[in-house]
Amino acid sequence: MGKDRQPRGQQRQGDAAGPDDPGPKKGAGTREQRGEEEAQTCCGCRFPLLLALLQLALGVAVTVVGFLMASVSSSLLVRATPYWAGIIVCVVAYLGLFMLCVSYQVDERTCIQFSMKLLYFVLSALGLVVCVLAVAFAAHHYSLLTHLTCENAPDSCQCKLPSSEPLSRTFVYRDVTDCTSITGTFQVFLLVQMVLNLVCGLVCLVACFVMWKHRYQVFYVGVRMCPLSASEGQQQKV
């Protein structure tokens, strides 16, 4: 009796204004969007972008070491100096940087985005195969050098397999003044190439997995099932 009562009109206006107030809903939506954007980034960068940067750094390193190996002797084969593997990985990295920095979206909305993601996936797979080949060639050449006996010759280095080998051959490395550049420096370059190409192949494999996961493993089953469960609950109540 002693309490003041508001008129019924004011109470109805207050009740009607509550559900229509867009303030808290907008704030919650922006917070959810910010959370999703932060989940897709790592230190301010998207996770696939970090993979592309690693591809670029490793590709440049493989290319530089490959050209240094080619400068040791002019008679080295192309497969023995895998600068070509680094060039291919650099091309893949440039495409990935362009795609991830300009217009990257998890769900493809245009044919250009789908084509770029597919091309990046295919080139990353190609980079993986090329890196594996480079590792195989470097390992074969390294194991061969461990069995060779090298001797200095005029403007060259002649290396021979032991006479006990059934296929005894003589390998001539031209434009070499000292055989230590073959048995020492060149062997170190081969080891470095094996490590770099192995790591580069793993990065290309992870890039392929990330592209495949974003394409085929992005499901929104919970968002779709919640309205269905809510509607079923309403039907049961009725």
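Including glycine, each Cβ sits where the backbone N, Cα and C put it.
Record features (Swiss-Prot):
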TOPO_DOM  1-48  topological domain 'Extracellular'
REGION    1-33  region 'Disordered'
COMPBIAS  8-20  compositional bias 'Low complexity'
TRANSMEM  49-69  transmembrane segment
TOPO_DOM  70-81  topological domain 'Cytoplasmic'
TRANSMEM  82-102  transmembrane segment
TOPO_DOM  103-117  topological domain 'Cytoplasmic'
TRANSMEM  118-138  transmembrane segment
TOPO_DOM  139-188  topological domain 'Extracellular'
TRANSMEM  189-209  transmembrane segment
TOPO_DOM  210-238  topological domain 'Cytoplasmic'
Helix, strand and coil totals (DSSP H, G, I; E, B; other) for the topological domain 'Cytoplasmic' (70-81): 4 helix, 0 strand, 8 coil
Helix-strand-coil residue split for the topological domain 'Extracellular' (139-188), DSSP-based: 16 helix, 15 strand, 19 coil
Chain residues in Cβ proximity to the topological domain 'Cytoplasmic' (70-81) (below 8 Å; excluding those fewer than six residues from its ends, i.e. six or more beyond): 137-138, 141, 157, 172-176, 181-182, 185-186, 189
